[in-house]
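Peer 1: Supplied in structure tokens, the structure appears directly below.
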Amino acid sequence: QGTRDHPPAQTALRDRLLSAVVSCFKRHGAAAIDTPVLELRETLMGKYGEDTKLIYELQDQGGELLALRYDLTVPFARYLAMNKVTNMKRYHVAKVYRRDNPATTRGRYREFYQCDFDIAGQFDPMIPDAECLKIVHEILSDLQLGDFVIKVNDRRILNGVFAVCGVPENKFIPACSTVDKLDKVPWEEVRSEMVGEKGLSPEAADRIGEYVQLHGGLELIERLLQDPKLSQNKLAKEGLGDMKLLFEYLTLFGITGKISFDLSLARGLDYYTGVIFEAVLLHQENEHVEEPVSVGSVAGGGRYDGLVGMFDPKGRKVPCVGVSIGIERIFSILEQRLKASGEKLRTTETQVLVATPQKHLLPARLKLISELWDAGIKAEMLYKKDPKLLKQLQYCEDTGIPLAAIVGEQELADGVVKLRDVATREEVRM
């Protein structure tokens, strides 16, 4: 349950999608790494907030308690700490595992791909963060998935909001994961969960509501910097100062049109320490809708400055910021689009089929195809001694092979090959 086989057409589509994402990561100067699919159980525990229960734990193996990796961020932090790396820009494309209730129609699986890009190292504020947002913008524009918005917030601003609204510090993280649901459920439900399940006072919940329903751009940042309560809070002030700087850089990148500073964005993971962001696809149900409807998150990330230190015996910190592209969601959308268009996707890259029009010419085919393979040309032939020419040409049409190299008795006598363009049926002797 929650896993799937990919037939050739799906695999070809996924490869096309992954190569578009990876080429963007490479354009930004990232190197690839790989880590084991297994991690020590203690490496993963306590890093994912309420989602820790979704980790796949394995039976004790010779004294080691292991688990399957839940994402690519925690293994990356462990890798940096173990290898004493303090500076790195990396990407990683690999499968991760979650013991979730699968909802395959919405692209939720127990085994799925993640594509991560991260910048680790001590740099001037918000420059790497701005680049991560630029990458999300490039990838979503490049894939032409339709309209999207990238929501941005900062954990420090959120914690500042909780503090000035009278939430005790030990309730920040539970309050965070409740606020994170605002994109799916109305404020009334979020408020009752805060009061009912998370034990916040109704007054605190109402005060939080005044802030977390705000979204906008630079003008909102400026307004909050003047806010009598928030501006008194050290954390919130730092976060807002950085947010202002971030928006200045995003303006220079020319992408603020798709960016929304959104105070309800919380992202449920425990390890974020600063800027957090999430990209959401929008689709118009019809032309008269004022507010576009969201399809769901297709990318997310943020700054996690404390994670590497958790794995370092001396607690040495390496600041990091990164983004993960939700490849499965995007894949589901592209798949549906391909189905609707009726376009046939080629599953092989064969350039030429070696064909013969008469009987007893298998040796000629084998000799020619061998020469083509040795020359680096992608070639195929039918595995029959004496196939009919029509059948061979039909195979080209079915699989999208553009050329047929035909060697008959006449061609052999003349020392030539007849090259046929399958689509136009034109032939040339070479």
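Placed from the backbone N, Cα and C atoms, the Cβ positions cover glycine too.
Feature annotation from TrEMBL assigns L-histidine binding site to Asp71, Leu72, Thr73, Arg98, Gln114, Asp118, Arg267, Tyr271, Tyr272. The domain 'Aminoacyl-transfer RNA synthetases class-II family profile' annotation in TrEMBL covers 1-357.
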Peer 1: For Thr73 (L-histidine binding site), list the number of other Cβ atoms lying within 10 Å of its Cβ atom.
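Peer 2: So the Cβ neighbour count for Thr73 (L-histidine binding site) comes to 26.
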Peer 1: In the structure shown, which of the binding-site residues Asp71, Arg267 has the fewest other Cβ atoms within 10 Å?
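Peer 2: The binding-site residues Asp71, Arg267 were compared, and Asp71 has the fewest Cβ atoms within 10 Å.
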Peer 1: Within its own chain, what residues at least 6 apart in sequence put their Cβ under 8 Å from the Cβ of Gln114 (L-histidine binding site), listed in sequence order?
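Peer 2: Listed in sequence order: Asp71, Leu72, His92, Val93, Ala94, Lys95, Val96, Ser324, Ile325, Gly326, Ile327.
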Peer 1: List, in sequence order, the same-chain residues at least six positions removed whose CB sits under 8 Å from that of Tyr272 (L-histidine binding site)?
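Peer 2: When sequence neighbours closer than 6 are ignored, Tyr272 (L-histidine binding site) has Arg155, Gly302, Arg303, Tyr304 within Cβ distance under 8 Å.
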Peer 1: Based on the record's binding annotation for L-histidine (Asp71, Leu72, Thr73, Arg98, Gln114, Asp118, Arg267, Tyr271, Tyr272), what whole-number value in Å is the widest Cα to Cα distance?
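Peer 2: So the binding residues stretch over 21 Å, Cα to Cα.
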